[in-house]
Amino acid sequence: MNLTAVNQTDMCEDYSCPERSVSLSVYVILYVAAAAVALLTVCGNLLVIISVSHFKQLHTPANILILSLAASDFLTGVFVIPLHLSLVIESCWTSRSVMCLVFKVVNFQATSVSVHTVSLIAVDRFLALSFPFFYSEKISLTVVCTATLLNWLFSFIYNFTLLYVNGNFTDVVCPAVCFAITDGISSIIDLLIVFVMPCILIIILYTHVFVIAKKHATAIRALQVHNSTESSKNKISDKSERKAAMLLGILVFVFLLCLLPYYITALAIPYNSENTLQIRDVAVIFFFLNSTINPIIYALFYSWFQKSIKLIFTFKVFHKDSSLMNVM
């Protein structure tokens, strides 16, 4: 450890940030664009957090998972996106070493929580459609909140341990450099826990979800529902569950679409390859953009989010008993 630290310190004596290769106006445009992406991510996810937290009608198991996903995306917008885009634009770490540690921890934490939360969303939709009676009786807010808290706690312990074991908190690094160091075994373990196993679970469960939703739709079209209140309620309930599954399916599809390029480049491109560094940076940015896209998906497809935004921007959320308003 000490020998490595000494060697890294000696290397840092000759290391300096590269000179800017483009004009000042280009840098200003890049920083404005980066600030816009970060601001959109923060504001969009903050609206989701306020909506689900404030309106009691939105306190459902599925929405609690959406709240967890929005919280991790919010952290990404506050810490990860601005710092990473600054690193890409400058080709150099310009913040302090403490911020580098924060960047590493929050980056790993937000990524892990996001992936595992999307996995929990897939489990939630699978249970809701496959076992509706079991879901309505057993899957309560308490159960989902407990699962969500355990997800955040597990992710923090796991990522802190991963970073600590690989010397990210103790090794000396150059002031102008900020990247997480992981050995071969740790990288494989992290790949399995944060990417392979969750993605396999998501794909398998959502394949079942869409098959079940299609069967339900076919069965409902085949049945001639007569004027019955009970049948009408069941029809509305089934339609609502299928719609929720389809909308969350879009969310999961976009998530995987943003996730795959990052891990493909991480596996195919070695970290010491400077020639393909820009490709890896683009893949990372594409992955972070998922945090920006999620609130846009909510705004386009979720009527409750559209109504919540109107109530927030018109300051009606400050009215007495506003949490009891109908937003569905």
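Backbone N, Cα and C define each Cβ position, glycine as well.
Annotated transmembrane segment per TrEMBL: 28-52, 64-85, 105-127, 139-158, 191-213, 244-264, 284-305, in sequence order. Taken from TrEMBL, the feature domain 'G-protein coupled receptors family 1 profile' covers 44-298.
For the transmembrane segment (284-305), the partner stretch with the highest count of Cβ pairs under 8 angstroms, out of 64-85, 105-127, 139-158, 191-213, is 64-85. Along the domain 'G-protein coupled receptors family 1 profile' (44-298), the predicted structure has mean pLDDT 80.
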